[in-house]
Amino acid sequence: MASDDRPLALTLGDPSGIGPEIALAAWQLRGERGVPPFQLIGDPEFLEATAYRLGLSVPVAEVEPDDACEVFPRALPVLPLPSGAKVIATPGAPDSANAGAIVESITAAVDLVRSGAASAVVTNPIAKFVLTRVGFAHPGHTEFLAALAAREGREPPLPVMMIWSDTLAVVPVTIHVALRRVPELLTQDLVERTARIVHADLRARFGLEHPRLVLSGLNPHAGESGTMGTEDRDVLAPAVAVLRSEGIDIRGPLPADTLFHERARATYDVALTPTHDQALIPVKTLAFDEGVNVTLGLPFVRTSPDHGTAFDIAGKGIAKPDSLIAALRLAHRLAHRPADTVLPFPVRA
């Protein structure tokens, strides 16, 4: 299969959430919204039943990996789970009985990309509590994908979560951890490694020749010279100094409360923040329906919608597919970007 003909591999996500219905909606809008060919890895009968229940005119076709692009114009290609597992799910009622299928879909998507049968992985939302009940040991999707990406006998790569939109791109240095643990986890080494990966992937994946980064402070006023906490002075500032000595264009630590207004955003390409919510609050405020989660640092392209399972609205036919469509489109563009082009990024000054 020629590389340009490879479809995206879309995971099932939690079948009790909105993932299946936004996948169906994305296929319906394929022409109108320029959705690239994708195959969903799951249970074809479940997807067919979901479409029927929602009153969607979406034909579902069971496919082999090589058939997806040929089938995509006329039906939603669904690749059965390798185990042949069937999915039984009630919208809004997460069930650990589906944990195996959820994990198997993710693993199969990565295997498709690594074998060359798919160009990139796009993941539908999962609920970690559903998986931890059956022994899932990873903090989230991002960390699990890093483990899958590890070569045998080697440590998993450091996965970096970037939330991208046309308005703002952000990277939390610490991800799915309790706030009280951030000071112990926020080391100079972690900041440096994260920034290096962001810098390298902006160049390699997005085609930005000279990426501009900023780092927000952890404490109010970026610590104000140590009077409001010492992490900014003793951890973040030294990390920035080392990175700048390596030729990376990064500024900081800067007060987080003045980092995300329009004029400030025009001065950088990506903002790194010490905590998860420092990054996600501004980007979800500015681009709630259009944000895309891009995992940097992996040997393959992975994107996902910037929202969760939304169990509260699952099955009601009101979930918007916008973020999933943005994730599919960005994954395709990243996987197929010509070497001499630059992908659109938040507006530069």
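For all residues, glycine too, the Cβ spot is worked out from N, Cα and C.
Summary of the site annotation: Swiss-Prot records substrate binding at HIS141, THR142, LYS284, ASN293. Screening the candidates ARG265, ARG302 against this entry identifies ARG302 as the one listed for that site. Cα-Cα distance from LYS284 (substrate binding site) to HIS276 (divalent metal cation binding site): 12 Å (rounded to the nearest whole number). The Cβ of THR142 (substrate binding site) has 21 other Cβ atoms within 10 Å, all protein chains considered. Note: the CA-CA distance between THR142 (substrate binding site) and HIS221 (divalent metal cation binding site) rounds to 30 Å. For the binding-site residues HIS176, HIS221, HIS276, LYS284, ARG302, the largest tally of other C-beta atoms within 10 A is found at ARG302. Between the C-alpha atoms of ASN293 (substrate binding site) and HIS176 (divalent metal cation binding site), the distance comes to 14 Å. Here the Cα atom of HIS276 (divalent metal cation binding site) is found 15 Å from that of HIS141 (substrate binding site).
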